[in-house]
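To start, the structure itself, in structure tokens.
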Amino acid sequence: MTTVPCFIAGLPKAELHLHIEGTLEPAMMLRLAERNRQPPPFPDVETAEKAYRFTNLQSFLDIYYRSTEVLVTEEDFYDLTLAYLEKAASQKIGHAEIFFDPQAHTVRGIAFATVLRGMEEACREAHSRLGISTRLIMCILRHLSEQEGMTMLNEAVRWKRWITGIGLDSSERGNPPSKFHNLYREARREGFFLTAHAGEEGSAASVKETLDLLHVDRIDHGVRCMDDPALVKELVRRAVPLTVCPLSNVKLQVFGSMQEHNLKAMLEKGLMVTLNSDDPAYFGGYLNDNFTAAAEALDLSFSDIIRLAANSFNASMLSIVQKKIHLLELADYARGFAPGH
């Protein structure tokens, strides 16, 4: 009988919750620091890996922002993005929607265009050479002011041919969705696809407020929605996608272990859940690792796994025609395997 990891390895899928800065592996971090003649955040790979032990979201963010300082040139952002897309293609990811945090770079004097041009060149090459499609989502850092976010939104409008979505990330506590109500209203007026992190370290109320005030197309994380049955029913009724990141949730102690994760319960409630790797260089695994860890710990069936993959395409920004092409490929792949597990 086909093993779950083997089935997942060949499974056509999309990734919708991936921070490009979170793919900065320690070896690349050290290489870029040397290339840019900067002191490295850590002296060696081993020290960096030991530092990747987090107690909560903020302990991760402290290291995350420190590490991004090695990203300076257009070439750096190109190398970082292409490395992820090559990894993604090797894991049968046919489409990726990639977050980037320009405020983490512009505050250091790096031009917005430097970040975007490097990323876009890598996306074009990956599409041509590997066949993987991409969309870019500019994230606003929620620990900064809405006015600072508006400055970034104005930049995004200028680069709308490359940026298709607006997101909201960084520390959820003390930075409610209402803080960015005006920004999201303007982003919606400009025609951007809207998503936001909610219900990771925040409560179910944060998810509800994100839906009601920001009018997002998708919720990133959202696992705390399960604490509010009425909210769950509303999410199911509206078919709002939730981009869940299991290894991230365990690494940041949202759940004590993978066995305690509520992913399977979310599926059983009929929520449109997708699986994602979030910041794989820091959380111990890329997308296939997340699928495998969740499947084995939660005893997911083959039909559960196929449903998660189908959700990833249905929840994406792809056109209806593009979604159908991917879903047909997924159906053809699944047809060759037994439905049971």
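Cβ coordinates are placed from backbone N, Cα and C, and glycine is handled just like the others.
As recorded in Swiss-Prot:
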type: BINDING; residues: His17, His19, His197, Asp278; note: Zn(2+) binding site
type: ACT_SITE; residues: Glu200; note: active site, proton donor
type: SITE; residues: His221; note: site 'Important for catalytic activity'
type: BINDING; residues: Asp279; note: substrate binding site
Subset of recorded positions (Glu200, His221, Asp279) lying within 10 A of His17 (Zn(2+) binding site), CA to CA, in sequence order:
His221, Asp279
Expressed to the nearest Å, what is the distance separating His197 (Zn(2+) binding site) and Asp279 (substrate binding site) at their Cα atoms?
14
What does DSSP say about His17 (Zn(2+) binding site): helix, strand or coil?
strand
Please report the Cα separation of the residue listed as 'substrate binding site' and His221 (site 'Important for catalytic activity') in Å, rounded to an integer.
13
Compare the C-alpha of the residue listed as 'active site, proton donor' with the C-alpha of each of the recorded positions His19, His221, Asp278, and give the closest one.
His221
Euclidean distance between Cα atoms of Asp278 (Zn(2+) binding site) and His221 (site 'Important for catalytic activity'), Å:
9
Which number gives the other C-beta atoms within 10 angstroms of the C-beta of Asp278 (Zn(2+) binding site), all protein chains shown included?
31
